[in-house]
Amino acid sequence: MGAFTEKQEALVNSSFEAFKANLPHHSVVFFNSGSVHNSVFGLIKKQNNRILEKAPAAKNMFSFLGDAVDPKNPKLAGHAEKLFGLVRDSAVQLQTKGLVVADATLGPIHTQKGVTDLQFAVVKEALLKTIKEAVGDKWSEELSNAWEVAYDEIAAAIKKAMAIGSLV
């Protein structure tokens, strides 16, 4: 991988702000795709779910999901903001330091939850689709690449921490 540029960092930062501008909506988009909205209960039924359709075992990793993705659930938005923020922070680290160091708690948490390589890939796909929706016509191959590199690096750092933790 070449050096992560200031422009790539700026692309990630600006699109992260677009994501945060409508955090409740984009949090639901992150977990759902082609969902059915039940206006009586305000819930999103898990049909064609971005993450859970592709990796059903991941449902147990998100205790706040329950039986439906509730857009009013603050834990849903909080988790999405935290995850997207980690990727944004990864972009900053890549640009300033040339490498990403994961928070020490992320390895053990992901190990405890049993996160697999497939689930990392599914989250990456959902993240990219969500950012694409958040930025609309500002989406570009360059923007996609910046998010992909930043995600891949934080995922690699978490996987490394998971591997180190399993040796202890």
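Heads up, the Cβ atoms here are built off N, Cα and C, so glycines get one too.
Here Swiss-Prot flags 3-163 as domain 'Globin', drawing on sequence analysis. Per Swiss-Prot, the feature heme b binding site maps to SER63, LYS82, HIS110, LYS113. Per Swiss-Prot, phosphoserine is recorded for SER63, and the stated evidence type is similarity to another entry. Under the heading O2 binding site, Swiss-Prot lists HIS79. Per Swiss-Prot, the feature nitrated tyrosine maps to TYR151; the stated evidence is similarity to another entry.
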Problem - TYR151 (nitrated tyrosine) versus binding-site residues HIS79, LYS82, HIS110, LYS113 - nearest by Cα - result: LYS82
Handout entry: Integer mean pLDDT for the domain 'Globin' (3-163)
Key = 83
Practice task
For HIS110 (heme b binding site), write down the residues of its own chain that are at least 6 apart in sequence and whose Cβ falls under 8 Å from its Cβ; none is a fine answer.
Solution key: ILE158, LYS159, ALA161, MET162
Completion exercise
LYS113 (heme b binding site) -> DSSP, reduced to three states, gives helix
Exercise for the section: Calculate the distance in Å between the alpha carbons (Cα) of LYS113 (heme b binding site) and the residue listed as 'O2 binding site', and round it to a whole number. Expected result: 15
Handout entry: Most Cβ neighbours inside 10 Å, all chains, among the binding-site residues HIS79, LYS82, LYS113
Key = HIS79
